[in-house]
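Step one of this worksheet: look at the structure below.
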Amino acid sequence: MRHGLCVPPGPSQAVAVRSRPLRAVLGALCLLPALAVLSWQGAPGGHAAQSDIQGWDSVVSNGPVPSPLSPLAPRKRRYTLTPGRLRWDHFNLTYRILSFPRNLLSPRETRRGLAAAFRMWSDVSPFSFREVDPEQPSDLRIGFYPDNHTDCLVSALHHCFDGPTGELAHAFFPPHGGIHFDDSEYWVLGPTRYSWKKGVWLTDLVHVAAHEIGHALGLMHSQHGQALMHLNATLRGWKALSQDELWGLHRLYGCLDRLFVCASWARRGFCDTRRRLMKRLCPSSCDFCYEFPFPTVAATPSPPRTKTRLVSEGRNVTLRCGQKILHKKGKV
């Protein structure tokens, strides 16, 4: 062994290495330096690495890591839940702000923007969000951190903050509760746009925060092009929650009423007379779970009955409504 690396045996050692027990001993000796290095590196960051398993850009260890180039499996709905169905066990969540951005926004404006992002979710779900003092314990912890943020150091799958533009923020799955923003960004309360005066991109805090809150509630990226949880939602400008996110929340937490009087209101006919209010507060009692808060869409008519058989000449003969259609078989 030389500097911890396994050196191939010379010609004089060839006969001895051929024996299986000796090969096993040599293999174990080759692994000792690597195990020593791993144990030395893993000792200080063991807790951080364990908590980062639930991070947004991480994957739960009970399944293989998906490749970005691998084809996505077809699914009926395009929302995505965590592999372990990670979720909160209560709906009254608290949050605290540990640090504020150093560019443009004041602490008061930051609080106002984050509160608006939380309202986007509380208006259409059983969740409620309340800010507490930084010294008090909370479910969610929000902070603005520089580009030397250490999340990427404890997980190979976690993206590092990279200065203006690029990686904007990341969040952790329940019950971790961490939501981190890149402090190098120029956060504003308004649409994302380019500032020719400053020569930088101004990023909408409410939009990005609402996206990260969805991750903190247990939702992964959606494949719906117009969903707030889409990977490129910030670039495309979609700011409203789509029905795809609501379906994901209902699948993860169930469709629940927000008030104990919902059943009484439903018996009094409020589902029809006060439809908008009942969609927001009493979706289960009024059976609005799969269309709330959006209007129902007419079902797609079933295709005409089609019967296809393969002819020996390699052609498909399709019989539809008494017609006979001949066309060549497509190439694969």
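Each residue, glycine too, has its Cβ placed from N, Cα and C.
Not measured: the values here are computed from a predicted model.
Under the heading signal peptide, TrEMBL lists 1-36.
The Ca(2+) 2 binding site annotation in TrEMBL covers Asp139. Asp139 (Ca(2+) 2 binding site) falls within neither a helix nor a strand when secondary structure is assigned with DSSP, and so counts as coil.
According to DSSP, His149 (Zn(2+) 1 binding site) is assigned to coil rather than to any helix or strand. Residues near His149 (Zn(2+) 1 binding site) in space but far in sequence (CB under 8 A, at least 6 apart, same chain), listed by position: Cys160, Phe161, His180, Asp182. Taken from TrEMBL, the feature Zn(2+) 1 binding site applies to His149, Asp151, His170, His180.
The feature Ca(2+) 3 binding site is assigned by TrEMBL to Asp162, Gly163, Asp182, Glu185. The DSSP secondary structure for Asp182 (Ca(2+) 3 binding site) is strand.
Residues or ranges marked as Ca(2+) 1 binding site in TrEMBL: Asp183, Glu185. If you take the C-beta of Asp183 (Ca(2+) 1 binding site) and look for same-chain residues 6 or more apart in sequence within under 8 angstroms, you find Ser99, Pro101, Arg102, Asn103, Phe144, Tyr145, Pro146, Phe161.
In the shown protein chains, 22 other C-beta atoms lie within 10 A of the C-beta of His215 (Zn(2+) 2 binding site). Look at His215 (Zn(2+) 2 binding site): DSSP puts it in a helix. Annotated Zn(2+) 2 binding site per TrEMBL: His211, His215, His221, Met229, in sequence order.
Feature annotation from TrEMBL assigns active site to Glu212.
When pLDDT values are averaged over the domain 'ShKT' (255-289), the model yields 81. Annotation source TrEMBL lists domain 'ShKT' at 255-289.
TrEMBL lists Cys255-Cys289 with the feature disulfide bond. Within 10 Å of the C-beta of Cys255 (disulfide bond) we count 19 further C-beta atoms, all protein chains included.
Cys255 (disulfide bond) sits 37 Å from Glu185 (Ca(2+) 3 binding site), counting Cα to Cα. Note: Gly163 (Ca(2+) 3 binding site) has non-local neighbours Asp147, Asp182, Ser184, i.e. same-chain residues 6+ apart with C-beta under 8 A of its own C-beta. Residue counts for the domain 'ShKT' (255-289) by DSSP state, with H, G and I taken as helix and E and B as strand, are 17 helix, 0 strand, 18 coil.
The shortest Cα-Cα distance from Met229 (Zn(2+) 2 binding site) to any of the recorded positions (Asp139, Asp162, His170, Glu185, Glu212) is found for Glu212. You'll find the Cα of Glu185 (Ca(2+) 3 binding site) roughly 16 Å from the Cα of Glu212 (active site).
Of the chain residues outside the Ca(2+) 3 site list Asp162, Gly163, Asp182, Glu185, Asp147, Phe161, Pro164, Thr165, Gly166, Glu167, Leu168, Asp183, Ser184 have their Cβ within 8 Å of the site's Cβ mean position. If you check the binding-site residues Asp139, Asp162, His170 against Glu212 (active site), the ones with a Cα inside 10 Å of its Cα are His170.
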